[in-house]
Amino acid sequence: MSDAGAQRLRPVLSQTDVIFIVFAATIGGGLFTLLSPAIALAGAAVLIVIAADAALEFLTAVRYAQLSSALPDVGGGQQWIRQGLGNFGGHICGWISWLAHSVACGVYAISLGFYLNYTFLNYLPQAAVGEKVFAISIIIVLSIVNYLGVKFTGRINKYGAIGAIGILALFVALGLLTSASDIEASAKNFDNFFMYGFSGVFSGMGMFYLAFQGSEVGAQAGEEVRNPKDLKRGIIIGLLVITSIYLLVTFVAIAGVHASDLSSASYLADAKEGALIAASSKFKLGTILFPAILVAGIIVAFIALNATIYSSSHAFLALARHQSIPRLLDRIDPKFGTPTFGIVISGFLILLMAAVMPLKDIAVVADVLFMFLFGLLHLAYADLRRRKKALQTNKVYTLPFYPYLEIFPIPGYPYSIVFVYGALIAFMWHVSPLGVLFGVGWLFLGVILYSRYAMIKEIEEIDSSTIYGVEARRDTRSRFKVHCVLPDSSAITEHRKVFMLKFVSAIASIRKQGAKFFCYADSGANKNQGEYDDRLSRYFQAYFAPLEIFFREREDLSFAGAGRLVQDKGEDIVAMVERYDPDILIIPYEQLRELRRRVLSIRQFHHVLQEVRCDLIISKINDGARNPVRVLVPFRVKSHNQNNRLLAETVTAFSKFFDGKPTFLVIDDDKKGSARQKIEKDLRDIGIPEDLAGDIRIIHAGVVADRILEMSKDFDVVIMGSSRGGSFSEITLGQTAELVLERCETTTIVVRHHQEVFDPITNPIRALYEEIYKFFAKKVPGN
């Protein structure tokens, strides 16, 4: 849903601020909290765990860097998934993101409580009040700190992180000195490297993955970063710095512990959250290092909790902005510029988590939710990159190692990444079944919230713009799955309107579905809005009257019409497709040309074509085509299979309704030439009836648009499919189709099949099924 009119956050953060936000949100959940549990699962192979997690997170971080620079938004991944996978995907992402960050806050709060309590037990035992009391108290304090403003938050992250890095540098120096004092003992610590096997490595990856969620936190600062380049660089640099620190400190911790009765891995695994505390007590100058590590543990847990309270409150704010939860909860404090309800409600949820859940279970919940979130992000990115030119061409958004990450893509991307996340979640079941069930249960709760609240709000927002409506439903089970956008009455002749009605009727009839028509008026600025609405209502009533008369004669078809008053026609067309989920949208080419003239910036000519999530038919009707009998159908032999099926359906419907005789202009990419029998088989395979596939003309690849334009002069109608661009960009309809639409003087219809995110997987499976079915059908007598 639109967030027009939402209060904006102040752009005050620099590249350094972003680096420290990433560092702060990451370091506390790694070395000082989850290192011991990870070692307990993987042993000394925790180094492999960290490297593998870092590699997986790098693939996610570069996507966050690119998306957050090109499309900065306070909601981070929630907003991009909403754009890439639709409102439902965006709602689920936001719902998961909010709990994931809140649960992560609980992890850091428990860690902070542990280090504070450990410190008091060793140096002031009478003041030790318990881990939970310390955790709850500090959550309250840091919620107030975040409320006072993000710049203050940034200072805490920066100075705290610098202090922690200094102490970790001392830890590494003394650890190396200790390791060098007995190299043989240090080497033995790595003898039984895979002590728990590869299953331990995968379980450890799942447990430790929370230590790499900082890229999501950094991305959520997009609206508050002064320069988009700073956001990209900050996320990548932050990840590289944190990975280097993780590997170096962990190696030194394992190598430098010389425990006579235990391996260093076993010794560190028994240290609860205090792996570095246990290691420091075995290093040289341990009496100095031990209290320093306690201080560092307090610092990093403090800044991680501080940074993640920030991110959870911003995830909550994004939910409210999109009305996944009540919109009144998106309030920004006018004095401090921070999300009021986001901080208060998120703080309460964090308090609840820290009070009732143990560390292992709460960490698994956070891991599972972040893996769901990042998997959705990769799916959304794959879709967005096809449609968002800013992600392909602008130098501001160029990724590290460009263009190699694009030239040598990940095999099976994005599905291979999603599979890896799914496998890690499966391994997490052995660590904490309760944590996995909690995460999945929260996901289903989000589905219920969407169906009971968020989706209703979407419907109310869209339906509020309908000024006039009419409906004639022949069958109570009819579904209006064929949608058509009609031009203004001043831009369409009576002949073209009748032609459009017949064509839509043909498509609806062959699909056995109802047809719904939309006509638009500009809301503009009107002093007497009520009188203006009444006048528009009468206008729409007169406009739809001929449609009602036409459809009364078609007793087999259901019909509906809606007159809508909107400010942005292109955005509303996209919203209506999202709202009603049609199977196909038919839109006149005149409407697209109007959008090209009137809409600026990102909402340009191709905006509607890029965003609609259904099959699409673009029609350009010529007033001279009174009896459209001769139909030219350009057809590429090795074209997109599902696109050809839609083309075949359209040609069949048109030919039957208008008594048209199609001529197939086959564009053959094979230099040797394809046999006519092979072409006839291809036509039958995509659904062209044999009685329509008689007239075939073959041309070889070349300047195809010129050949089509030349031959179109001898035909009444051209019906063709869209074509796809190269690997670095995808033209919305294809260059050939766009040239023909623009220049052809004959009535032209272009069809484009909508490819869903999972179609690259499902289409081959569907094709295989069809081939198997055909094979066995031939074996059955009578077929």
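The backbone N, Cα and C atoms fix where each Cβ goes, and this holds for glycine too.
Annotated transmembrane segment per TrEMBL: 12-32, 38-59, 98-121, 133-150, 162-181, 193-212, 233-257, 288-316, 336-356, 362-381, 401-421, 427-450, in sequence order.
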Worksheet item: Looking at 38-59, 133-150, 362-381, 427-450, which one has the highest count of Cβ pairs under 8 angstroms to the transmembrane segment (193-212)?
Response: 38-59
Discussion item. At a Cβ cut-off of 8 Å, and with pairs 6 or more apart in sequence only, do we get at least 3 pairs between the transmembrane segment (288-316) and the transmembrane segment (38-59), yes or no?
Written reply: no
Worksheet item: Are there three or more C-beta pairs under 8 angstroms joining the transmembrane segment (38-59) and the transmembrane segment (233-257), sequence spacing 6 or more?
Response: yes
Response to the item:
Contact set of the transmembrane segment (336-356) with the rest of its chain, CB cutoff 8 A exclusive, min separation 6+ beyond the ends, reads 9-10, 98-99, 101-103, 105-106, 109-110, 113, 132, 135-136, 139-140, 143, 146-150, 309, 312-317, 320, 329-330, 362
